[in-house]
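Taken from TrEMBL, the feature active site, proton donor/acceptor covers 294. The feature Zn(2+) binding site is assigned by TrEMBL to 143, 211, 232. Annotation source TrEMBL lists substrate binding site at 154, 235, 236, 243, 272, 328, 329, 330. According to TrEMBL, the domain 'Amidohydrolase-related' annotation covers 62-401.
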């Protein structure tokens, strides 16, 4: 009798009684997994004459790709912009805790900091796969310090930098290393930013425009030089104006190079962006919307005083301010909350809401061939959710890494 071991000895798991998000639609199909990858059942049946070793009844759950958070400053008392002796255990804690919110991969984000912080922290972060230990690390997002004073938001002014004679060398000297860097947020109106954008892009680093007073033509020029992302749209940039829409105008610009897509992050927490603004952005450019938490150390903790890099911040309900001011400073929202709020605020489909936190960030980072989809041969990083988009279980490489305690449902 033919065996299912003709290609590999690894067990084949078949997830049944589920609706899978594939090709932008929820489809009533089974999901087949082996060795951390999603299998094509036709190849399994016809080429290998194989079958499942284990069947799991998903009880009519939605199965969606794992969420990818490309802007998260910390959480659960851990601040990625603080150089501490136990930094590694802090990043491990966050990567473990965000599994319950459906995040299977993330970009730890550092806000504007003294150069010494980058030199101490960056060597302690390495790109790694996810697993039972926690969500995978895709690389670091460096937000600043090459940003605008006028739109610094919660970033400390005394740490802001400009590009001097060395331009790209100034950036290298500030950060110390770009080995594990995936995204750099900068203000494109800065002198010599174009050459920096080109150099970063050449190295495969995504350049994001943010904390900026750039006009539309400056933003378009940055995109023509390689920028592909906008950091938390509407926040820390010039407000939309009909004669010069600024960075926001990139959503409908006709000067984007052919074959390129501009993505934009949105903090869909009901605080940072009015639901009407969320709807405007989504309707203008639905395929570019990337949900981000912009979460800080206070996520998952009680209201009170916490840190965001060099600043003290105060949590009051879902609002987070620089202590003693009304300047917003990061969020305490979790990714699953952002997905639910986005769907509710825009009235979009379940599929659209889920793809904004999975497919779109994967496309932004150029990893959609292995993350952010449930296509055959992609990584088996996925979630089980109920119809209200609450996460019931999280899987990385086909292994269950978190499950909702039934008594807590």
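Even glycines carry a Cβ here, placed using N, Cα and C.
Automatic, uncurated: that is what TrEMBL annotation is.
Known features from TrEMBL, placed on the structure.
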residue: 143; record: Zn(2+) binding site; CB count, 10 Å: 29
residue: 154; record: substrate binding site; CB count, 10 Å: 24
residue: 232; record: Zn(2+) binding site; CB count, 10 Å: 25
residue: 235; record: substrate binding site; CB count, 10 Å: 18
residue: 236; record: substrate binding site; CB count, 10 Å: 24
residue: 243; record: substrate binding site; CB count, 10 Å: 6
residue: 272; record: substrate binding site; CB count, 10 Å: 23
residue: 294; record: active site, proton donor/acceptor; CB count, 10 Å: 30
residue: 329; record: substrate binding site; CB count, 10 Å: 27
residue: 330; record: substrate binding site; CB count, 10 Å: 34
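The highest number of surrounding Cβ atoms within 10 Å, among the binding-site residues 211, 328, is found at 211. When averaged over the domain 'Amidohydrolase-related' (62-401), pLDDT in the model lands at 96. Distance from the CA of residue 232 (Zn(2+) binding site) to the CA of residue 329 (substrate binding site) is 12 Å. Residue 232 (Zn(2+) binding site) and residue 328 (substrate binding site) have their C-alpha atoms 12 Å apart, to the nearest angstrom. Reported as a whole number, the C-alpha separation between residue 330 (substrate binding site) and residue 211 (Zn(2+) binding site) equals 13 Å. With respect to their backbone Cα atoms, residue 143 (Zn(2+) binding site) and residue 294 (active site, proton donor/acceptor) stand 11 Å from each other. Of all the binding-site residues given, namely 235, 236, 243, 328, those whose Cα is no farther than the 10 Å limit from the Cα of residue 211 (Zn(2+) binding site) are 235, 236. Binding of substrate is attributed in the record to 154, 235, 236, 243, 272, 328, 329, 330, and the widest Cα separation among these residues amounts to 30 Å.
Summary of the Zn(2+) site environment: with the site residues 143, 211, 232 set aside, the chain residues having Cβ atoms within 8 Å of the Cβ mean position are 71, 111, 144, 147, 153, 155, 185, 208, 210, 231, 235, 236.
If you take the Cα of residue 235 (substrate binding site) and the Cα of residue 294 (active site, proton donor/acceptor), they are about 11 angstrom apart, rounded to a whole number.
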